[in-house]
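First up is the structure itself, then whatever we jot down about it.
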């Protein structure tokens with residue numbers, strides 16, 4: 001093994017020792033007769049010194065060295081004078097007097113500096129990702145990622161879980177998000193799909209009797225990307241047999257508690273709070289509420305039911321709802337112009353407008369104040385706990401629109417007015433999700449989680465008659481307003497799975513065609529089972545205090561799913577396409 | 001957490017305790033008034049007993065139970081009588097007297113039994129993979145796989161390696177095997193490629209200063225499959241900076257020693273033997289020799305150079321070689337008919353025929369005996385250490401043909417005549433591979449490993465003039481005749497990488513187009529680096545004493561790259577193809 005010493009671990013106890021170091025030049029100071037370099041390796045920095053007394057030849061070579069050169073040195077550990085001690089680095093009490101220097105590789109001037117805070121654009125950072133990853137904050141993020149992964153594996157090993165790999169070349173299924181397809185060369189006209197999750201395979205492993213499976217696994221979705229989505233992402237994938245919901249939630253909590261303790265040094269109390277889907281939507285307008293601050297949505301149906309304001313009236317008489325949000329002290333914080341601009345903001349979420357009122361000593365002021373009687377005005381203020389100086393916002397529309405728009409507005413205010421305690425890590429279970437939702441585009445019900453989620457036992461009878469009323473035995477884990485992951489108990493009986501497919505509009509033939517193998521598997525002694533999948537990228541993002549998911553992935557894609565470093569995707573040769581029996585359709589052909 | 005007890009861990013010390021068990025019915029014996037079931041869970045088996053004394057209701061339910069039903073029982077641990085103790089199972093001294101039984105799920109009759117040795121065809125096993133995986137030998141193989149993976153991670157963690165994930169959606173490159181392509185929806189006519197290995201990304205991670213990277217990662221090759229190849233396979237992928245070849249080999253050996261110790265309980269001595277590529281080909285006719293038995297190829301150029309036998313003469317005068325193989329005692333073991341059929345065998349490897357001679361007391365006998373003088377005959381016998389009763393085979397052709405055919409014949413004989421000590425685990429390093437080889441089809445040199453492998457320093461000067469003479473700083477790890485993996489020191493200077501691309505026939509433009517980002521990265525302080533990749537599937541196959549690679553993969557593909565369980569690949573909808581701007585070419589169109 002190499003005799004190389006880790007630069008960042010050199011300490012006073014080593015004074016007098018000869019060391020061999022390799023690494024990068026972080027900084028260079030040339031004082032004429034003496035040259036100081038900061039040498040960096042993966043463990044840290046140490047100052048190395050070249051002087052004519054020690055070695056004239058090394059000094060001459062050192063004159064050629066520039067930032068980010070890769071060098072190898074032999075030298076002696078020497079204690080620094082009291083007044084030259086550098087308290088900013090761990091090795092600041094010593095320096096290395098160099099006897100021998102070799103330049104292993106040179107470096108051109110960098111497009112940006114190797115330092116924690118860079119003002120380089122993200123495009124430049126992605127194009128030179130290999131340099132961006134040298135920056136200390138990025139190095140730290142990947143240490144957190146490695147540690148987190150290691151902890152999770154260790155925890156699950158101790159709970160007798162087995163890591164089992166599932167295929168990447170799988171079958172395309174009609175449910176869920178859009179698949180990435182992989183053409184088959186051997187079977188012309190046929191395709192594999194990259195997995196959106198190992199869902200079916202992990203359930204089949206339960207049929208196989210493995211009982212406790214886990215995998216930290218790549219998954220794929222060919223969806224239009226948002227800031228917190230990537231075409232490929234990593235999932236902590238867990239499935240168990242004979243464990244019920246309470247077992248699984250408790251185990252997941254235990255794992256999270258351990259991660260918070262080891263990575264952040266924080267104690268987290270259990271059980272984590274739970275909230276039903278209905279309550280989450282009603283109170284926070286979100287199925288992944290950020291509970292680090294209040295400002296909850298306030299139900300105003302009762303209070304405004306007699307008002308003359310047409311917008312409210314219409315919403316209530318057409319099955320919609322009216323809700324309010326109180327921005328405490330907001331009257332002074334937002335100008336009229338800023339208030340007006342919020343209308344555009346809520347329109348993104350389908351709202352037609354945004355009603356608002358200022359609370360003053362004399363009463364409510366604002367465009368819609370006139371619609372409220374003295375009494376209505378009073379009960380509104382009471383219900384919204386509004387006092388002078390507060391600014392009230394209202395959503396009146398279909399429930400989903402009110403939830404989405406006021407939920408988004410709540411988050412926006414939370415950030416804008418720094419209402420969020422950023423030191424908090426608020427875990428939350430959201431439970432009792434609807435099993436299905438109606439898809440206006442497809443004109444049929446689709447599974448809210450996936451078609452293998454078990455209905456709650458007490459709602460089972462409604463599966464055939466009123467599927468929209470059925471709640472799922474499903475649970476999402478939310479952390480600080482991010483969905484960390486979701487799990488459920490699964491259907492494990494053929495008849496219930498068939499009813500589920502029927503509720504989703506599958507004919508018997510279609511269900512057999514697509515999922516026949518699973519239905520058949522359920523007839524050979526399938527145990528009750530359930531599982532959960534957690535997003536590793538997102539977890540690491542929150543643990544390392546970052547806001548950009550791409551910072552947690554070594555080689556991420558841009559919003560248009562490109563890799564700016566290697567220029568993927570790219571065109572391929574005609575031979576490659578012919579091998580796959582494919583041709584690319586020109587735009588015109590496609591339109592025809 | 002659940003109060004469930006693991007069936008296989010129940011012991012005498014628990015007599016009198018109430019236990020809750022869940023699992024599968026392995027076996028059922030109905031003695032009328034008493035029913036015995038063997039209950040199986042992931043930890044093992046335990047006998048459970050139903051009798052009218054204990055609970056009439058449970059007994060009646062037990063009458064309906066059949067093999068592979070999933071049940072849940074509550075019962076009491078009871079010591080068995082001396083004469084009913086079952087020494088074949090770990091829990092054989094006790095049984096469970098059941099008070100309560102619930103059938104969780106039923107099972108139809110199985111297509112094959114859940115037992116270690118099955119005579120079911122592999123197609124049936126793959127179609128019902130979820131049942132095949134229930135069989136105890138398969139459960140055991142996946143335990144070995146889990147343990148091996150865990151050990152490797154633990155070892156690398158301790159050596160300060162960081163697990164870093166690299167992309168699955170990468171760029172297609174012209175070198176290496178055929179890529180699996182993934183069409184891009186956002187960029188019409190462009191494709192990603194699934195990685196054949198994370199080679200370039202792991203090198204870029206070295207440029208990033210991570211110094212020690214590992215990943216246990218899925219890789220893909222769209223090649224025609226052989227028994228020991230799968231379209232997707234798992235690689236233990238390692239890359240390090242500042243470690244030289246000796247460091248890397250020693251570290252890999254240490255890891256292997258630990259695996260052999262923990263998984264097989266075997267001590268393995270280090271350093272592993274090393275052999276050069278040239279020596280491996282000359283002595284074993286293979287670059288992955290099985291050294292568990294002798295019967296080496298014998299060089300006969302000197303001995304036969306004056307013979308009149310035209311086949312030998314021609315081979316020698318056209319730059320080829322003549323080699324022999326001595327099947328000790330083979331004269332009695334192989335009939336004339338069997339000897340003749342070996343000609344067809346060697347023809348698969350390009351040989352035109354297979355010359356042979358029997359050694360008898362009176363001298364050499366056989367069709368080519370007449371070509372040898374008394375003296376030549378004597379020196380041939382001496383050189384081949386041949387004694388009466390031995391059977392000698394000869395290869396005379398281009399070197400590659402002689403290596404391949406006699407190497408294959410050697411292995412065939414080794415297996416056929418049980419010359420191989422199956423208890424041995426023979427590790428071997430093959431070193432000093434050629435850097436490039438001439439590809440007759442492409443009419444150019446191609447890299448024997450990959451284009452990023454460093455030439456040996458002492459051969460560097462020949463890279464531009466005689467690339468075929470250059471040896472690579474590359475090393476393959478061989479175990480019992482299987483290539484476990486390969487590694488190399490990498491090129492880390494732009495000018496050498498450019499010369500390498502030139503040697504492979506790339507124009508400067510083409511090299512920049514395909515690998516410009518890597519060439520550029522080499523200019524920003526790239527450290528010397530190297531790494532290795534080991535095949536996990538193959539390692540697990542050897543560790544678990546299996547001969548079929550598919551048995552080590554939970555859901556493998558067939559030789560035609562199909563999944564018989566889910567029926568992947570499959571046709572997809574026209575909408576999916578249109579989304580991707582693709583159309584499938586009919587056979588006729590293709591021919592045009």
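Cβ atoms here come from the backbone N, Cα and C positions, even for glycine.
As annotated in TrEMBL, region 'Aspartate' covers the listed stretch A:199-202 rather than the other ranges in A:191-194, A:195-198, A:199-202.
In TrEMBL, the ATP site is described by A:221, A:222, A:223, A:230, A:535, A:536, A:537, A:538, and among A:163, A:165, A:483 the residue recorded at this site is A:483. Helix, strand and coil content of the region 'Aspartate' (A:199-202), in residues and according to DSSP, is 4 helix, 0 strand, 0 coil. Taking Cβ-Cβ distances under 8 Å and a sequence gap of 6 or more within the same chain, the neighbours of residue A:538 (ATP binding site) are A:228, A:482, A:483, A:484, A:549, A:552. Remark: residue A:536 (ATP binding site) has A:145, A:148, A:149, A:216, A:233, A:234, A:235, A:236 as non-local neighbours, by Cβ distance under 8 Å and separation of at least 6 in sequence. The binding-site residues in question are A:223, A:483, and the one with the fewest Cβ neighbours inside 10 Å is A:223.
A C-beta separation below 8 Å, combined with a sequence spacing of at least six in one chain, links residue A:221 (L-aspartate binding site) to A:177, A:178, A:180, A:196, A:229, A:231, A:233. If you take the C-beta of residue A:449 (L-aspartate binding site) and look for same-chain residues 6 or more apart in sequence within under 8 angstroms, you find A:433, A:472, A:474, A:486, A:488. When Cβ atoms from all protein chains are considered, those within 10 Å of residue A:490 (L-aspartate binding site) total 22, not counting its own. Recorded residues residue A:490 (L-aspartate binding site) and residue A:223 (ATP binding site) have their alpha carbons 26 Å apart, per Cα-Cα distance. Residue A:223 (ATP binding site) sits 14 Å from residue A:175 (L-aspartate binding site), taking the CA atoms of both as reference points.
A helical conformation is recorded for residue A:536 (ATP binding site) in the three-state DSSP classification.
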